[in-house]
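Asker: Please see the structure below; I have some questions.
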Amino acid sequence: MVGAGVLSLPYAMSELGWGPGVAVLILSWVITLYTLWQMVEMHEMVPGKRFDRYHELGQHAFGEKLGLYIVVPQQLIVEVGVCIVYMVTGGKSLKKFHDIVCSSCKPIKQTYFIMIFASVHFVLSHLPNFNSISGVSLAAAVMSLSYSTIAWSASIDKGVQPDVQYGYKATTKVGTVFNFFSALGEVAFAYAGHNVVLEIQATIPSTPEKPSKVPMWRGVIVAYIVVALCYFPVALIGYWMYGNSVTDNILITLEKPVWLIAMANMFVVVHVIGSYQIYAMPVFDMMETVLVKKMNFRPTMILRFVVRTTYVAFTMFVGITFPFFGGLLGFFGGFAFAPTTYFLPCVMWLAIYKPKKFGISWWTNWICIVFGVMLMIVSPIGGLRQIIIQAKTYKFYD
């Protein structure tokens, strides 16, 4: 659950401000916990059948064809978007590690660090399945908790900056509004575990006496307590200490203690290596299935090699071209994560269970849907504007 999006939360707070920022963080935590509960409940709503994939649940709610058309493109955008963002995150963290450890060394372009990070995936992407990356995945989970803790504890150690300011950074009202929109997407990106929750629940044994939803819900509660312990301290303490001068990655802002910040950046690298693979695996599976079943390619090692290498190269190229962490989070957070995380489970719930009109369940779901749809519309606009503004002064492939 704890992704690299946590590192941008202080920056999101600086664009939202204290009141709206705290409200959006808490509201997102509550809504996404509720929609996650819905998905856990719907996993086995049909006796003797389990919906092990998001699109299977979509097909049950909306019909065979429509379900696929609604869910699959959104899942694909989420997975590809995360891979691109993690390419940028991995490259930037490697560069920060290099710059901290070897401050007297000759500067190396960020582009090269993204390429170095990508080189790991040119190898790892050829592992056969989820089980083969379980070690990397476990390391990634430990790392995310570690660097989150370092981010807020190092901020406390540094203390409130002498010239700290909490007003909006943008000088115009239009800029402030668009930054606000982008920040909503950055927060949405941080709450992004829903895309793989059904696949995770599918690994838990289930019987009528002991349904999988019981241990799964217990796991979700623990995960969300950990999320709160990571997200809220990083967001609030990071913003409190640095105000609106914080960068879109809190670990890039922090400089001392040198050894701790260097270690935290390496933790981020290890974490996004594992996370990249988790989000890339379903894309590999989808592409290879389409090529074999629809285009009649033979399922050979050569096909697998070409597909996976091309995908890694594509995400690397986009990451090198647009290495704007905050803007990418804002864009993908709203465009892709808001539907699958904030309101699609609610739409499915209404379609399947048909709760009583104007009852508590009906109102709760519609509030989540309205909030999620607004998020999906305004966040990409803010994120895209931020990318365009940064691209104006950015030297491409530098």
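Keep in mind that glycine also has a Cβ here, set from the backbone N, Cα and C atoms.
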Asker: If I go by TrEMBL, the feature transmembrane segment sits on one of 133-152, 173-192. Which?
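Answerer: It is 133-152 that TrEMBL describes as transmembrane segment.
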Asker: Six or more residues beyond either end and a Cβ under 8 Å away: which residues meet both conditions relative to the transmembrane segment (305-325)?
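Answerer: That would be 8, 80, 83-85, 87-89, 91-92, 110-111, 114-115, 118, 121-122, 125-126, 248-249, 280, 283-284, 287-288, 291, 386-387, 390-391, 394, 396-397.
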Asker: Among the recorded stretches 66-89, 110-127, 133-152, 331-353, 365-388, which has the greatest number of Cβ pairs closer than 8 Å to the transmembrane segment (16-37)?
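Answerer: Going through each listed stretch, the top one turns out to be 331-353.
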Asker: Check the transmembrane segment (110-127) against each of 66-89, 133-152, 262-284 and return whichever range has the most CB pairs under 8 Å.
Answerer: 262-284
